[in-house]
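As recorded in TrEMBL:
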- 1-24: signal peptide (SIGNAL)
- 76-99: transmembrane segment (TRANSMEM)
- 111-132: transmembrane segment (TRANSMEM)
- 152-173: transmembrane segment (TRANSMEM)
- 214-231: transmembrane segment (TRANSMEM)
- 243-265: transmembrane segment (TRANSMEM)
- 305-340: domain 'EF-hand' (DOMAIN)
- 345-380: domain 'EF-hand' (DOMAIN)
- 427-446: transmembrane segment (TRANSMEM)
- 466-488: transmembrane segment (TRANSMEM)
- 500-525: transmembrane segment (TRANSMEM)
- 531-548: transmembrane segment (TRANSMEM)
- 555-577: transmembrane segment (TRANSMEM)
Amino acid sequence: MATRRRSFPLVPLLLFLLAAAAYGRLISDGSPASASATSLLSNPVSAVIRLTTSNSASASSPPAAAPEEKCEQSYGFLPCTTTVFGNLFLVLAYGFLMYKAATFLSAGSELLLEIMGPGLVGGLLLPILGALPDALLVLVSGLSGSRETAQSQVLIGMGLLAGSTVFLLTVLWGTCIVVGKCDIGPNGVAVDLQNNKGFSLTGTGISTDVQTSYAARIMGISVIPFIIAQFPKMLKTHHGQRLAVLLALIVSFSLVLAYCLYQVFQPWIQKRKLAYAKHKHVISGILRHAQMEALGRLLNEDGTPNEDVIKKLFHKIDMDESQTLSRAELHALIVGINFEEVDFDKNDAVDKIMDDFDTSGNDIVEEAEFVAGMKRWLNEAKRSVPTSGAYSNKFISDYHARTRQEHDLLVDRSDETVESVENPGWCITKAVGLLLLGSAIAAAFADPLVDAVHNFSNASHIPSFFISFIALPLATNSSEAVSAIIFASRKKLRTSSLTFSEVYGGVTMNNTLCLGVFLALIYIRNLTWDFSSEVLIILLVCVIMGLFTSFRTTFPLWTCLVAYMLYPLSLVVVYILDFVFGWS
């Protein structure tokens, strides 16, 4: 059920105050070439502030007066200032408006998903709308002004790209670990709603499902466009840079399309996963049944299958002593096993077992085929359940419990049907209204925010990359961050899986859609690709966290320290590479 958000009354009040208090001052530098009010009115969608300086007089003339600053009102009415604190106020004000835009987009998307369900809405619309504020900020960072102005301001777009990715995978990821931690049980999985070990670095943590690790792998793949665009720089050549940018642009939008299609067809994939989970549970049930019938240990202590016990099981199932197993005998076996209320089609289960075992295709299972099939099942069990080395009788029971857990989790997800809502027409109207309002606010204030950051950088002498790296992700990702933390605080495997899947999905859209917009800007305006240090930290964080999260499902509390340390490390790396070694 989507979370209901009340409209924030300070937004129209803030807009009214900004409009009422809007002022501007145009100070002529005394030269004939100074900009006039007429030129200002001819381009009202220009930046919030333009700082200009006058040329000094010739050496023979008396020293000219200090150049004065000029400030232009955006849209003819928004506030205008030339001071550090004035620009800081503008950055905070416009950042808050971008935060509200992201909140409206999120609320509208959730409401639309609640009404219309997954599929095209959840797969195509929601990921794009979630990345819309970032994409607009990236777009306007180099859209207006001369080529030289665009080249200087485009660093803000790259700062937002890098900052959003690093923020999501470090600060937000680590915080979700802290608020969602539970006690880690003897089987290495966090126990839902149990938190008795305090802040034990190894005894507490969170667990996710295996599908969440798949989302992390998709996130890792999404860095490919960065590598393509950076490839000429790796070779230390300027030849082919535009071609590399164009190729990276094509790959970026191709990955966006592929990711959205994956989201669209996720329900079909989920059904396939559920069917496979049921099949695995049948397998584990048969293995446990053999163990409980006191036929002997199916696995030796070194983990090798015990063929003698497997053959005993074959002869026990072979009721007519024909030395083969028929479908009727396999059906009788399944009916006689207690599968603990797991509902499945027993005839379908017989078909799948026959497909696994009957390699000759004669519709019966011979002893050799049964032994070979059981060996495959036991090897699958060994891969699914970690052991300390020795394989005890408890191993088969652990495997059965694991398959039951996987099945129940998938059943919970498949049961998430769209609930009926009262007055769906009004709800759709409200959802569309929220989406339009969020889009309008984001489109209106993206350009003023970028220019406010740029001019705050000029006034404070702080590089614009660092301002946009730290400040802008807080504005555009705050709504997503609050939602993720709330879900993580429920301290369940299912909600933790949802939380981290959303985080990895957000990074994926940053690395594909937002990067694609940025690359299109670079290519169309013929700007220089000179972001080696910025690309390096994106690759560094994505590769480290991608590898870290792709092949494990339990994360002890100490892993949040690793994530937290990557954030300041990223800033230090960019500073050293750019301002010490002069990479950019």
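Backbone N, Cα and C atoms are what each Cβ position is placed from, and that goes for glycine too.
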> Within the domain 'EF-hand' (345-380), how many residues are helix, strand or coil going by DSSP?
Replying inline: 26 helix, 2 strand, 8 coil
> So what pLDDT does the domain 'EF-hand' (345-380) average out to?
Replying inline: 84
> Any chance the transmembrane segment (466-488) and the transmembrane segment (152-173) have 3 or more Cβ pairs under 8 A, given the pairs are 6 or more apart in sequence?
Replying inline: yes
> For the domain 'EF-hand' (305-340), what are the DSSP-based totals of helix, strand and coil residues?
Replying inline: 20 helix, 3 strand, 13 coil
>> Is it true that the transmembrane segment (555-577) and the transmembrane segment (243-265) have 3 or more CB pairs under 8 Å, sequence gap of 6 or more?
In response: no
> Between the stretches 214-231, 243-265, 427-446, 531-548, which one has more Cβ pairs under 8 Å with the transmembrane segment (152-173) than any other?
Replying inline: 531-548
